[in-house]
Amino acid sequence: MIISFEKLGEKYKIIDLNLNSIKQKIGDSLNIKEIKPTKIICVGLNYIDHAKELNMEIPEYPIIFLKPTSAIIYNEDYIIRPRISKRVDYEVELAIVIGKKCKNIKKDEANDYIMGYTILNDVTARDLQQKDGQWTRAKSFDTFCPIGPRIVKDIDPMNLNIECRVNGEIKQKSNTKNMIFDVYELVEFVASIMTLYPGDIISTGTPPGVGELKAGDVVECEIEGIGILRNYVKDEE
């Protein structure tokens, strides 16, 4: 299906992802459920305004961690609050989708390896994160990685309005220009450590304003030029 996507008078190119050939077709809609990343790399404390909110020093290098691919859900799916957690938070983030295998590349080359950009909600069991002192358990539950609604290529990733709303109320609001490490620096840094494969995701960190999700909530993550990622929240049965 061919679609036309236009917002605020600017036209954007939508990427059609074919995992066999990793083709980029201008104007085709994306079935984001076809993305099969081998890994999801997330970045912590990557917004200047978020660091100020937490009264923390600016990191010298990106702080990275992994989320499992089993946590992925999509637009309009349910986020399930696990029974063992009493506090589950939202975190809206711009996510990079890798288009070509890469290792040890420079930031000036990074754009050649990027398929496009999407939205990721880095859902976190905050109470477990605080108990553990590390992040794996808190960020790895099933349904804790909503992504979507599409992948977009031709936008300026470093000047996008980013926002999270819960039940229509704005909770997070910033711009990607407030990132400490830009998307190209992040690709360079991660690729210096591990090989990146087509479909792999690098999520670029969240702005200030993170907070709790409760059963019955509707959480909407919106990034300029990409769209709205909407999910519903319920408790584990």
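Here the Cβ of each residue, glycine as well, is placed from N, Cα and C on the backbone.
According to Swiss-Prot, the residue from Asp49, Asp122, Asp127, Asp132 that belongs to the divalent metal cation site alongside Glu91, Glu93 is Asp122. Less than 8 angstroms from the CB of Glu93 (divalent metal cation binding site) sit Cys42, Ile119, Leu120, Asn121, Asp122, Ile162, Ser203, Thr204, Gly205, Thr206, Cys221, each of them six or more residues away in the same chain.
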